[in-house]
Amino acid sequence: MEKGDRVSEYLFAKMGPGDRGPKTTEDREAPVEYTGVKKWFVDNTLLVVTLAGVLSGIAVGFGLRPYHLGPDALMIISYPGELFMRLLKLMILPLVIASLIAGSASLNAKMSGKIALRTLSYFVLTSMFNAFFGVLLAVLVHPGESYLKENSGPAVVKRDHNILDSLLDIGRNIFPDNIVQAAFQQAHTVYVQPQTLFASNGTENGTEPALVRVIQYRSGTNTLGLVFFCLVFGSLLGTLGQKGQVVVDFFQAIFEVIMKMVAGVMWFTPVGVSSVIAGKILGVDNVAQVMSQLAWFIATVAIGVFLYQLIVMQLLYFIFLRRNPYKFYWGLSHAMLTASATASTAAALPITFRAMEGPLRIDARITRFVLPIGCNINMDGTALFLAIASVFICQMNNMHLGFAQLATIFLTSTATSLSSASVPSAAMVLLLVVLAAVDAPTQDVSLLFAVDWLVDRIRTTNNMLGDCYAAAIVEHLSKHELMACDAASMEPVATNGTLPTTTTDLDIGSSKKSLESDDIVIDMHLSNIDDKS
């Protein structure tokens, strides 16, 4: 009996403090689990406060309109929203670069090519569908009336580039000649008067001077060029194996740091969103008159956006994945609210990443590959808007639209939407290209600027959701390749023609050795106890 007591005392002395269990009963208490409505509010806190920010922004905007605030007051109200937008845009560039390089490096080059082909095919097909759907809706609803032309702005005399210039500019931006310059400038075509040796008036003969094409650079991140460079860089980095792993880990660490920054910025969303919306409402002159004049146009765009969101997208998701699509749709509600409030898919990209890789559990290799590309190429809502707006302006000018004109609008809307920047009101510039393709007057575009602040927020949700649904569908179509990639990464690598011992065997061997050594120690102590007794 004395021997057994000594053994138990020895074993108890060898146990660390962490092996003795909790010191008090407080440590044994289970975490509080909420149920019902309280659980829903706890799980969706950010969504609730963001929605409250949207509603408060609308209330403040319309509530302060009767006071006719001056420009200084408007600037103060919009200032928190401006800071919020700057914070989000601050994280876009490092997030896109880190996610694309880390995502493409985790896949082999062949697999990256397959995923890229599926992604681009999905983006082009959905953009074509939205352009066709927009043309069909505009023809059926007929929102354009001739009396609206009296309210259009002055004629636009500036010559804008055509569809050919837009397509060529896409190629110039995909292949930048300076990767550093691509971070803050992008190439575009402009028409200028040619420089002559003699100063002469080009209109002295009664003719307009001939304009020539010139490639210039304007402010703005060339995201197409950065995406292309990062995809190629990451794909080749993945072929280096262990030699390039330190670089992959570096970009992976950058991505995780940015996402931690996003977690902090997200709590600033309600104030920022409320400020942005209130400032936009207060900055529009004669909201009621503009809404009444363009009510049918706004309604046509909204009908098209929500029909595509709530029916077409959900059908695509269900056909491919055979799961409940509205559960996936609900999981993106916070990112959708942020994209709508900021009118920018790129600004909502950090929050979209958090939703896709968090609650929705989409493979990180797919999200980091698809979302940055879709943020700059996939513009479903923009294609729909361009088609509806082009038909609307043609109807307003009593232009006959035959099959050839409608087909031209369909094709140019699809092509120009793929070159649209993910910034607010970028589609208004591209609308001039579509109108020029059917010889429609461009001066009437100024009428749409009065409501673009609202329509832009409606169509941006389609752009953001299109990227997310594309990632889910591409992940499902690529599941066999992903599993093969996982299996290949777990296989032992041959060194000098021999297979090394697996880590599992090494772990088991080491564990056996440790167990045996522990037994020896205990046996020695037990023998000492016997001798003393």
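Our numbering is plain: 1 for the first residue shown, then up by one each step along the chain.
Each Cβ is built from the backbone N, Cα and C atoms, and glycine gets one as well.
What TrEMBL says about this one:
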TRANSMEM  46-67  transmembrane segment
TRANSMEM  87-107  transmembrane segment
TRANSMEM  119-141  transmembrane segment
TRANSMEM  223-240  transmembrane segment
TRANSMEM  261-282  transmembrane segment
TRANSMEM  294-321  transmembrane segment
TRANSMEM  328-349  transmembrane segment
TRANSMEM  369-394  transmembrane segment
Exercise. What else in the chain is close to the transmembrane segment (369-394), if you only count residues 6 or more beyond its ends and a Cβ gap under 8 Å?
Worked result: 95-96, 99-100, 103-104, 107, 112, 115-116, 119-120, 123, 126-128, 130-135, 137-139, 143-144, 223-224, 227, 230-231, 297, 300-301, 304-305, 308, 345-346, 349, 352-353, 356, 401, 405-406, 409-410, 412-414, 416-418, 420-422, 426-427, 430-431, 434-435, 438, 440-441, 444-445, 448, 455, 458-463, 466-468, 470-471, 474
For this session: Report, as numbers and ranges, which residues of the same chain sit near the transmembrane segment (119-141): CB under 8 Å and 6 or more residues beyond its ends.
Result: 296, 299-300, 303-304, 307-308, 312, 369-370, 373-374, 377-381, 383-388, 391-392, 395, 401, 406, 409-411, 413-414, 417-418, 462, 466, 470, 473-474
Exercise. Hey, which bits of the same chain come close to the transmembrane segment (261-282), Cβ under 8 Å, at least six residues off its ends?
Worked result: 46, 49-50, 52-54, 56-58, 60-62, 64-65, 69, 74, 77-85, 87-88, 91, 337-338, 341-342, 350-351, 353-354, 453
For this session: Find the member of 46-67, 87-107, 223-240, 294-321 that has more C-beta pairs under 8 Å to the transmembrane segment (328-349) than any other listed stretch.
Result: 46-67
Problem set entry | Residues from the same chain, set at least six apart from the ends of the transmembrane segment (87-107), whose C-beta lies under 8 A from its own | 115, 183, 221, 223, 226-227, 230-231, 233-235, 237-238, 244, 247-248, 251-252, 254-255, 258, 261-262, 265, 268, 272, 342, 344, 346-350, 353, 364-369, 371-373, 375, 485
